[in-house]
Structures are given as structure tokens and as C-alpha cells.
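All remarks here apply to the structure that follows.
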Amino acid sequence: MLPSLKKPVYTFLLATGLLLLSQPVSAQVNNKSNTASPLLPVPKPSPTPAPGDPADEAAIYKAAQPPAPVDEDKPSHDADIPAEPGYDIHKYLRENIVYPKKEFNEGIQGRVVVQFIVNRKGEIRKAKVINSVSPAIDAEALRVINAMPAWKPAMLHGAPVSVNYMVPISFGIHR
């Protein structure tokens, strides 16, 4: 049993639904659609060339063209094969990071995240700190990243491309 307050609302909704369902839908009665026509003309698809047609061969040749040259410092986001250092980056960081003395003595530690571009030649470019710990620790992280040997570049359709890369570097004191 419905509470007395909900009964009028229920009755109203039931009556409204029955009223709407009893009326013929104008598009069905008049065979007219209420959908709008497109604002811009829609181009018709071009006919597909027959096999062996010169137009078909030109399309295949165009599709087989290598991608246009990419700016060295403009990263691609669609790489088939990601960039990789070609060496053990963790070992490289362990062997080359020099903890700043002041930060070490004060017990300052944390994780710096450095973002950079690996260009088509595998060179490190435009390194910047994304997550900072302290100016001296950030500077050391940038120094080590910028001094890294060249990486194997990322590949897109068999051609090298530039990509963004991020490396977290932890500075911790283990006594």
C-alpha cells in the first residue's frame, strides 16, 4: 500500500504516461521525421578504384611513404617502440649521482622527477624538474640526466622519433 503522500504523485505519473501513450506519434502518422538536415553539405564518398587502376597504385604509393620529418625537440606520442637507454639506467644513476653535502648533512631526502625529450638521435634534450626536493638536489638530478649517454630512440613506422620521458630519482640517506 502506498503512503497517502505518494499516492497522488503515483496517480499523476500513471495518468500522464497513459495520456502520452494514447496519442499517436506525429512522425509515425504523418510519415515525417523531426530530425534536422545537416548544416553543411555531406560529401559523397568517391568511388573505389578497380584493382590495377593507376589511381589505386598512387594511393598505395602514398600510403607507403615514410612519415614527414619531425622536429628534433617536438615529441611524438604515438611511438611503436619506446625509447630506451640501451644500458642499465639504475646502475648509471647509482654510480653518477653525488649527494649534495649540505642536504646530506641536514638529512634532506626525497624523490625528484625529471622530464626530458629523447630526440631522434637518442640525445637528451630539454630536461626539467617536474617534482622538486631542493634546489641543490634538483640541480644534481638535472646534471646527471643531461650527462647520460645517448639512448636508443623511439621508433614509429620504422623511423626514429622524439619522445617525452620521465625518470624518478630517489635521494635517500642510508646510515
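Just so it is clear, glycine is given a Cβ too, placed from its N, Cα and C backbone atoms.
Summarising the annotation, TrEMBL assigns signal peptide to 1-27.
The feature region 'Disordered' is assigned by TrEMBL to 32-58.
Taken from TrEMBL, the feature compositional bias 'Pro residues' applies to 40-52.
Annotated domain 'TonB C-terminal' per TrEMBL: 84-175, in sequence order.
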Within the domain 'TonB C-terminal' (84-175), residues counted as helix, strand or coil by DSSP: 26 helix, 34 strand, 32 coil
Arithmetic mean of per-residue pLDDT over the domain 'TonB C-terminal' (84-175): 91
